């Protein structure tokens, strides 16, 4: 049977104290909404419906960027969770499969949990996701009778015996689409806040004689984010899990707690990551590479055996071939570095390609921007670039070419040619002594005046 996702993402998130919609706050460089969508994607949903409210256009853009087939609907007034789900009714018209309701600010659901919810749906009309709370506090309690969920009891209405229950409601559920919307139609708002609560569908389903159950997961999967402190805690949880996964995959993290990973970071086995490395979004590192300390990588690809850093920056579009070397205080942007090529010190390479085996001397700059447009620099194979060379793009250096130290290259250099363009040196005898005497006299004169 096919499955649809309904992800609730309409909340303003007042406690976040932000103009950004709560579900768009990032964990490991990816919006919480995207984490929820990726969690649900394991079910291979036939339809995905995002219910947006506050900041709807920004939410729509983020959702469609992740899944262009998603449908985004608007909850103009926030009248409760049941009302939010009901906004998906039109988008799911004619859909005969199961609906799984997720929350856009609950980013840690695991694939097996969702799969177990759908497995339970085969024998029950309505499935609620619960968790064993370390501190149940004011969560709603799930009162079970065998594998049957009898009712959800809110804390303020629970007896002392019911408050002792540690099995709590997460708010997530799975149900046949037709059944779910029929249950929601029966939900009222006769409560202090005048809202329509999704949890009420359990009582309605029981009264209709439907089979209701609850599936358990660990509490961390249901962690919701409502404040900046919650966001920081959630990010820390993600980082701990992601680091552990890399270690299990055969990646060496020399100081795991200092390495920051993005949600989509991919690192191959036998790669060594030194302390204080930051991975932005869109990074792939192949097996056997080394990322040295204090490097920052984003939107780049590092091939097998390459070495990056220390103190290197790889920006979007950086492509390092096998055994390439990028050293300290080097920045690479939108550039391909060929096999075995070396860019070892104090260099900026932007909008460029460097052929295999080439060596780029310290202080080399690709002058790629004319104030309006970017231009490319093309460096062939086995080229030697002398220290402090300025490469004024657009410019091409052929295979085997060389530049003299301090050269400003403004024209193409033929293969195997030497480019030399610098002012001829003159040594003026005794000029330095006279200049220092003049400058010291000026300094002494100013000091007397003050």
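Residue numbers in this text run from 1 along the chain shown.
Every residue, even glycine, has its Cβ placed from backbone N, Cα and C.
Given the structure is predicted, the values throughout are model-derived calculations rather than measurements.
As given in Swiss-Prot:
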type: ACT_SITE; residues: 345; note: active site, proton acceptor
type: BINDING; residues: 8-11, 22, 75, 80-81, 103-105, 140, 154, 169, 226, 315, 333, 348, 359; note: UDP-N-acetyl-alpha-D-glucosamine binding site
type: BINDING; residues: 105, 226; note: Mg(2+) binding site
type: BINDING; residues: 362, 368, 369, 387, 405, 422; note: acetyl-CoA binding site
type: REGION; residues: 1-228; note: region 'Pyrophosphorylase'
type: REGION; residues: 229-249; note: region 'Linker'
type: REGION; residues: 250-450; note: region 'N-acetyltransferase'
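Swiss-Prot feature annotations superimposed on the structure.
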residue: 80; record: UDP-N-acetyl-alpha-D-glucosamine binding site; DSSP class: coil
residue: 105; record: Mg(2+) binding site; DSSP class: coil
residue: 154; record: UDP-N-acetyl-alpha-D-glucosamine binding site; DSSP class: coil
residue: 226; record: Mg(2+) binding site; DSSP class: coil
residue: 359; record: UDP-N-acetyl-alpha-D-glucosamine binding site; DSSP class: strand
residue: 368; record: acetyl-CoA binding site; DSSP class: coil
residue: 387; record: acetyl-CoA binding site; DSSP class: coil
residue: 422; record: acetyl-CoA binding site; DSSP class: coil
Among 11, 105, 154, which are recorded as binding-site residues, the nearest neighbour of residue 422 (acetyl-CoA binding site) by Cα: 105
Listed recorded positions 345, 368, 369, filtered to Cα within 10 Å of residue 105 (Mg(2+) binding site): none
Most Cβ neighbours inside 10 Å, all chains, among the binding-site residues 226, 368, 387, 405: 368
Spatial separation of residue 226 (Mg(2+) binding site) from residue 80 (UDP-N-acetyl-alpha-D-glucosamine binding site) - C-alpha basis, Å: 16
DSSP-derived structure type at residue 345 (active site, proton acceptor), helix or strand or else coil: strand
From recorded positions 11, 104, 315, 345, 359, the one whose Cα lies nearest residue 369 (acetyl-CoA binding site): 315
For residue 8 (UDP-N-acetyl-alpha-D-glucosamine binding site), the three-state class that DSSP assigns: strand
For the binding-site residues 105, 154, the one whose C-beta sees the most other C-beta atoms within 10 angstroms: 105
Candidates 11, 154, 345 (recorded positions) - the one closest to residue 362 (acetyl-CoA binding site) by CA: 345
When distances run from the Cα of residue 368 (acetyl-CoA binding site) to each of the binding-site residues 8, 154, 315, 359, the nearest one: 315
Winner by Cβ contact number (other Cβ atoms within 10 Å) across the binding-site residues 315, 422: 315
Pairwise Cα distance for residue 359 (UDP-N-acetyl-alpha-D-glucosamine binding site)/residue 387 (acetyl-CoA binding site) [Å, integer]: 10
Nearest-integer angstrom distance between the alpha carbons (Cα) of residue 405 (acetyl-CoA binding site) and residue 345 (active site, proton acceptor): 14
Length of the line joining the Cα atoms of the residue listed as 'active site, proton acceptor' and residue 387 (acetyl-CoA binding site), in Å: 9
Among 8, 362 [binding-site residues], residue with fewest other Cβ within 10 Å: 362
Number of Cβ atoms other than its own within 10 Å, given for residue 80 (UDP-N-acetyl-alpha-D-glucosamine binding site): 21
